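Below is one structure; the comments refer to it alone.
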Amino acid sequence: MEKFKLLKLGKPATLLLEDGTVFRGKSFSNPQTVTGEIVFNTGMTGYQEIFTDPSYNEQLVVLTYPEIGNTGTNLDDYESLKIQAKGIILKNLSNAYSNFRAMRSLLSFLKRHKVVEIHDIDTRALVLHIRNNKTMLAVISNETYNLTFKEAKATIKYGKHTLNSNLASRVSTSLDYYQWMQPLNRKLKFGYSIIRSFNSAINKKLHTSKKLRIIVLDLGVKFNILRYLKSFECEVIIVNYKSTYQQVMKFHPDGIVISNGPGDPAKINRVVVRVNKFINKKIPILGICLGHQILARCFEAKTFKLKFGHRGLNHPVGINKRMEITSQNHGFAVNFEFLKSNKFYANHLNLNDGTLAGISSQNFPLISVQYHPEGSPGPHDSNYLFKYWVYIIYKSKSS
């Protein structure tokens, strides 16, 4: 563990929003100017998992909780190999940290990954502004304190071009495929008891120890999704999002996961075409977040951009008197209209705004959710979904 030092205020820095609104703050980062879509997360904890979540690629993340950094960072809480957020916006940045797993401070972690931060920002006023207007592009600069909109115009224009591109290509594995070997950490226990009892029951019922082979179509998958799948004694193979139907089928998959990821699902229609072939083959499919939107678009559903998205650790979802608290991170949602014509069930609704949060099919062995059942960070109300999906696979194989 590194020793911490008390921080000075840092050098002046500017946050300039696309609509011309300016916030002044301080920064300890090396001099740089970055642009991205400004979004906010309402979680009180889990900042390391948030920053390394590939769904935040090309975004500037505002954390609404005022004190960030006091549990440090560690080797367990990575959700990808690096920080994916383009920039971090905070009220207070603590360099003093205390946690039994902590290895380094948040500031050291950000500097190691060369990610710009700006702190001493009135995050309450900033989030209210985003909520009342909408998510928009913004620029963080600790190079030019008196940055003007005119000076930032070219940077914002470039940011718009990037945001409207295929972001999955930036976060998907560069390999054709690789195998995931790490299960959930038994010492942390979260979710592990439900998995152990299920594995024992399935092996006893089916008199088999044969592992299921799960293919994960990587649109920006979080590591904890892979850890859950591996803990169910599955063989987990991650493939590039551009993998063809033939390339995936050569693995003879028992089930396919369409992962979470960043950006607009309408920008990756080629993935929709390929996933349709898996659906017609009646392979059990699980869609998570962006994967949920991709599956819905396979049935000609419309997707639309939310005003300020759902990003936090306490979003309620439910239907028919059952409710779960979920972790969410998305800026798009699926329109309801496709449900009736395609014989789908709405399994979950977002109880904050009524948007569609989960579906299953009458005709195909697939389920998808707009939230993150793996948590990380967040509650564990929905981790049963992995157990249920694995059960669907076994049921499909035995029928």
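Including glycine, each Cβ sits where the backbone N, Cα and C put it.
As the structure is a computational prediction, the values presented were derived from the model and not from experiment.
Per Swiss-Prot, L-glutamine is bound by Gly261, Gly263, Leu290, Gln293, Asn329, Gly331, Phe332; the candidate from Ser27, Ser29, Ser55 named for the same site is Ser55. When secondary structure is read from DSSP and collapsed to three states, Phe332 (L-glutamine binding site) falls in the strand class. Same-chain residues that are not part of Ser55, Gly261, Gly263, Leu290, Gln293, Asn329, Gly331, Phe332 yet have a Cβ within 8 Å of the Cβ center of the L-glutamine site turn out to be Asn260, Pro262, Asp264, Pro265, Cys289, His330. Cα spacing between His372 (active site) and Cys289 (active site, nucleophile): 7 Å, rounded to the nearest whole number. Note: the Cα of Leu290 (L-glutamine binding site) and the Cα of Glu374 (active site) are spaced 14 Å from each other. Only Gly261, Asn329, Phe332, from the recorded positions Gly261, Gly263, Asn329, Phe332, Glu374, place their Cα within 10 Å of the Cα belonging to Cys289 (active site, nucleophile). According to DSSP, His372 (active site) is assigned to a strand segment.
In the structure as shown, the Cβ atom of Ser55 (L-glutamine binding site) sits within 10 Å of 28 other Cβ atoms.
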